[in-house]
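Here's the structure we're looking at; comments come further down.
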Amino acid sequence: MPPAPAADGFSSEMYEDSSVDATARVVDAGSDGDERTVEAALRPRRLSEFPGQPRVRDQLALVLEAAKRRGSPPDHVLLSGPPGLGKTTLAMIVAAELEKPIRVTSGPAIQHAGDLAAVLSSLMEGEVLFLDEIHRMSRAAEEMLYLAMEDFRVDVIVGKGPGATAIPLELPPFTVVGATTRAGLLPAPLRDRFGFTGHLDFYATHDLVRILHRSARLLEVDADEAGIGEIARRSRGTPRIANRLLRRVRDWAQVHGRSVVDQDAAHAALALFDVDDRGLDRLDRAVLEALCRRFRGGPVGLGTLAVAVGEEAETVETVAEPFLVREGFMVRTPRGRAATGLAWQHLGLTPPPGTDPMLTPLPFDGGEGRLGS
Ligand SMILES: Nc1ncnc2c1ncn2[C@@H]1O[C@H](COP(=O)(O)OP(=O)(O)OP(=O)(O)O)[C@@H](O)[C@H]1O
């Protein structure tokens, strides 16, 4: 197994990906070790191995191919979408396709313009700079980034107060890949510096099936079609969750002396881990329960809802809400979040009389086709 990249987004480091063997196997199938190491080993390494997100994949393939033919770095790339859909994976793939090294850092790690200047001034020509959680950078760093992205230049400030001088420093051309779960928080001038923006959407069940088959092979887990299908349907359209559930079902099968991850094993393990038949987890259900039981279906403000479930508003907004809205359990109204008829139905509750007739149950087609593009 090649050394697993430590680059999962929270420190500034080099990740030479192009030499990584795409068939890398996770040898220790019996234990997860560090979950992030396992996650990294399961990442596809090339666009051609990346299932799902067909539009973003095709658009990115074109942008990268054109840049390679011109022999110059591509436009800066912004990737947005809920957690676990493959933004980091695609950033690594951009570098691998360009056969360039990637430097990984994140918004929270760049609180001062000087932090960013240090990273920028050490970039090599054509290098990919991956900025995860780019919406969490400080304003001063954002301003430095605009200039660097547009003019490949940073102004290094020497001295303090009235005597301070800005010394311009030329940078070699490079490509920023920014990732965000909250594209709406990016100031327009920063958003405009990205020549290509890809929005990642939840995956269709059949794409998750492909991802799970590949992960099972890499983890050396024997899994049948029904077992994989069950896990895929309950993975909230999210590869990270699919891979995690596969590992939990594998654990269950191993402990219960089953040699194959089948539908039985999937049912038992997912029940144990509180993943219901629509893939809703504890937080999703807590949000719906609070909406229906405490706020009579809403609408209720995000902050109030978050307090009711004991979570940060950002967690509710970026982790639970996109899936619940996408699947028709919840709607966002100008007056706050509201439960739909489907939410009441799913919890086995009856909506109070007078509930907005617009919030009637949506048809459910069994999970296939409601997700993904
Ligand atoms: N298209 C895909 N095919 C196969 N596996 C995938 C795919 N997308 C994501 N994964 C798997 O899901 C895990 C999470 O993906 P990744 O870290 O790229 O998501 P992310 O969008 O960057 O999440 P976050 O916003 O939390 O940083 C990866 O380790 C990878 O194993």
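A Cβ is built for glycine as well, from the same backbone N, Cα and C atoms used for every other residue.
As written in TrEMBL, here are the features:
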type	residues	note
BINDING	Leu42, Arg43, Gly84, Lys87, Thr88, Thr89, Glu150, Asp151, Phe152, Arg193, Tyr203, Arg240	ATP binding site
DOMAIN	73-206	domain 'AAA+ ATPase'
BINDING	Thr88	Mg(2+) binding site
REGION	204-274	region 'Small ATPAse domain (RuvB-S)'
REGION	277-373	region 'Head domain (RuvB-H)'
BINDING	Arg332, Arg337	DNA binding site
REGION	349-373	region 'Disordered'
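DSSP assigns Thr88 (ATP binding site) to a helix. Remark: secondary structure over the domain 'AAA+ ATPase' (73-206) totals 52 helix, 36 strand, 46 coil, with classes taken from DSSP. Across the region 'Head domain (RuvB-H)' (277-373), DSSP helix (H, G, I), strand (E, B) and coil residues number 42 helix, 9 strand, 46 coil. Residues from the binding-site residues list (Gly84, Thr88, Arg337) with a C-beta closer than 6 Å to any atom of ligand 1: Gly84, Thr88. Around Gly84 (ATP binding site), the same-chain residues six or more apart in sequence whose CB sits under 8 Å from its CB are Thr238, Pro239, Arg240, Ile241, listed in sequence order. When other Cβ atoms within 10 Å of the Cβ of Glu150 (ATP binding site) are tallied across all protein chains shown, the result is 12. Of all Cβ atoms in the protein chains displayed, 21 besides its own lie within 10 Å of the Cβ of Leu42 (ATP binding site).
Taking each of the binding-site residues Phe152, Tyr203 in turn and counting other Cβ atoms within 10 Å of its Cβ gives the largest count for Tyr203. Summary: among the binding-site residues (Arg332, Arg337), the fewest other C-beta atoms within 10 A of the C-beta are counted at Arg332. Cβ contacts within 10 Å of Thr88 (ATP binding site), excluding its own Cβ and spanning all protein chains shown: 24. Straight-line distance linking the Cα atoms of Leu42 (ATP binding site) and Arg332 (DNA binding site), rounded to a whole number, equals 35 Å.
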